[in-house]
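Residues or ranges marked as domain 'MacB-like periplasmic core' in TrEMBL: 20-239, 520-634. Annotated domain 'ABC3 transporter permease C-terminal' per TrEMBL: 291-406, 674-783, in sequence order. Here TrEMBL flags 21-41, 284-305, 332-355, 375-398, 428-447, 671-695, 716-742, 757-777 as transmembrane segment.
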Amino acid sequence: MLKNYFKIAFRNFYRNKENSIINIFGLSVALLCCIVIFLFVRAELSVDNFHTNANQIYRLTFQEINRPGARHFATTSPPMGPALVESFPEIEQAVRLRFPDSNILSYKNRQFYEYNVAYADSTLLSIFDFPLSQGNPAKALKDINSVVITAPMAQKYFGDEDPMDKTLLLDNQIPLTVTGVFEEIPPNTHLNFDFIISFDTFEVPRGYPVTLDSWGWVSFYTYVKLSQQADPEQVAAHFDDFLVTNMGEDIGENRILHLQPLDEIYLASNLRNASEDMRVGNRAYIFGLSAIALFLLIIACFNYMNLSTAQAIRRGKEVGVRKTLGAKRTSLMGQFIFESVLLTLLSICIALLFLEPVLQAASSLLGMELSLEAGSYLYLVPTFLALSVIVGVLAGFYPSFMISNFRPSKALKGSIETGSSVFSIRKILVVGQFVIAIVLIAGSLIIRNQIQFIQSKDLGFNEEQVVVLHMNGEELTRRFPTIKNELQQNRHVINASLGAGLLDGRNGTVPVFPPGDDPEGYPMNIYGVHFDYFETMDIKMAEGRSFDPSFATDSADGIVINQSAAKTLGWDNPIGKELRVSDIKDGYVIGVAEDFHFASLHRQIQPLVMYIPPTNMEKVFVRLQPGNLSQAVASLQESWKSAVPDFPFSFVFLDEHLNQLYQADQRFLKLLTVFTILTIIVACMGLYGLITYMIQRRSKEIGVRKILGAKASQITWLLSSEFSLLVGIAFLISIPICYFAIQNWLQEFAYRVPIPWWVFLLAGFVSLVIAISTISYQTIKAALANPVKSLRSE
């Protein structure tokens, strides 16, 4: 019987080559996209699952409550982890990580700025599974001035030399002894590092009025490992008392400490400080791409169902003969479902042939490695077989049910009709295809508008023509007057100043205390700047003035706040008001800057306090004259070498760096555009096959109408109007679906575009044009055909 099924199936595929090609192409594309998206989703959901004790590891997060503008941080204070280990027997170990913005590391004549550097407790190597290829994990981070490095960094600095016990120089000052080399770090980890320096090496920058015992310094990532028997909910239930005990009642009662499971960290990109130093994912993108894969598969199945039901009459006599010869309905249904499963299996085989090059293209597009590991095909084979059966049965059940239901007598006479109900189902399937297509087209347009809005939105400063030179260490800060003097002599330079960061959200947060009895203060972002910073960055002052070297007290006492800070403090006239910035500075407000974006536009502008720190500012902002940028950068390098020849020259263009904050959104847009195009192609191929069959069925009707005087344009309209109506219905259904989906996606942004009405009209119009274009060739061809050919047998 199985052999007979194969013969009948291949005979039918050959007889209906055009429809078979459409079905196989559609299913191949859909299944290929499903495989790629499945690998992407699997990679995203498997982050950090390789750790042996993954279910016992948690990150501490710190949430403000009962305060205006309350925030939720992925970071906590430095004493938090050790205090928890002492206070809770259920907490076996804790590890603190601190990521500086950049560091200069050097060995002999090799000197580089490194950005993936972290300070960590020695417990890092026992809590997490980051095995060492060299060194003892129990001792590697125990001693001060020790460092563990990755294998690529060992090759970068030491080449073929044995890196163990070699000395790297940190910021041209601090010797670090290499005590270990990591094995290859798995890509599926949210931790992002090349160097781990022992935590005891960390020194609070000079001029910072905080210490490692400061509970208000919320800038350290803290992870804990619970005992196997511990209940995390019961442990967290006692955190309130712990905070009151260690931070005081007034402060502790307005804070909540959470235990965030390790497997949730990667996708928790909405927390403050979560994305600045760590790899983060986006749950919305996972859902969005999964939905697109499902949509493509649904459209391919709709195509199969549509074309199979459309072919029903052609196979009517075959069904009639087989029923007359005693074939049972279950046997006929089995035959047609078998054909559907076989066609799906052929589609999967074709998809697998193109999988490797498609994975390479997808990896490039997504910025991550997608691949099938060695041995993956072994477990994927049964998965694909199961998928063939599921998709084949779902796509083939209704057509097989309908065809096997034909009455033999009518089937043999060729007088069967699929009936209005069947035709209604085909209409529903066509409408469903175009609902999906319109949603994807409108979604792509709105997402593109949002990303363009972000890239063109006024940030409150001028990021164009600004080069940021990396600078680290007290020595460079001390030598900045020499650097600035050299830069001012460069004809390409308009102005230059110092800043503590790249305006990408990496700001410390400390409590700020206005005059009064508030023991808790207001948590605010702090940002160190220098003279001429506001002029260099073209930041406007709403009130007062910026820092001015002619005022001797500005360096010691001057504070500039932004408008959001003034609003949070409730100050209508802030100039001259006293303000204590944690233990950093007691001073007074000399100016209020207009709000500007110092973090991603995914977040609203937060209160910001700016001051001139005595040391340790890390970036030189240089505004260049318009013109040849490459020539200007080359000239800058000469100026830098002249001023500080013993430090490397490293730079970024500020506008390019800020655009990187939205790389994930841009990648998602590209993927959405690709899948939208594929969806439309698959839908149109199905529509083409369906209109071809319908014209063949109505050829005699068309011939009669032409003989009776119908014009070609009238016949074309007759055949096209039905599909135009279906696209119109799809348009109406798609509007609320698309609006709801896009509104949810836009919630990721604090600043977002409105959803314009014209986007839906444009998406509907494009879909209508595509549908009409798809069917126009066949309809015009039918309208111009000689009616004698279709009526000669009558």
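Along the chain as shown, the residues are counted starting at 1.
Cβ coordinates are placed from backbone N, Cα and C, and glycine is handled just like the others.
Take the transmembrane segment (428-447) and the stretches 21-41, 284-305, 332-355: counting Cβ pairs under 8 Å, 284-305 has the most. Residue counts for the domain 'MacB-like periplasmic core' (520-634) under DSSP, split into helix (H, G, I), strand (E, B) and coil, are 22 helix, 40 strand, 53 coil. Confidence across the domain 'MacB-like periplasmic core' (20-239), taken as the mean pLDDT and rounded to a whole number, stands at 89. Each residue in the domain 'ABC3 transporter permease C-terminal' (674-783) gets a DSSP state, and the totals come to 95 helix, 0 strand, 15 coil.
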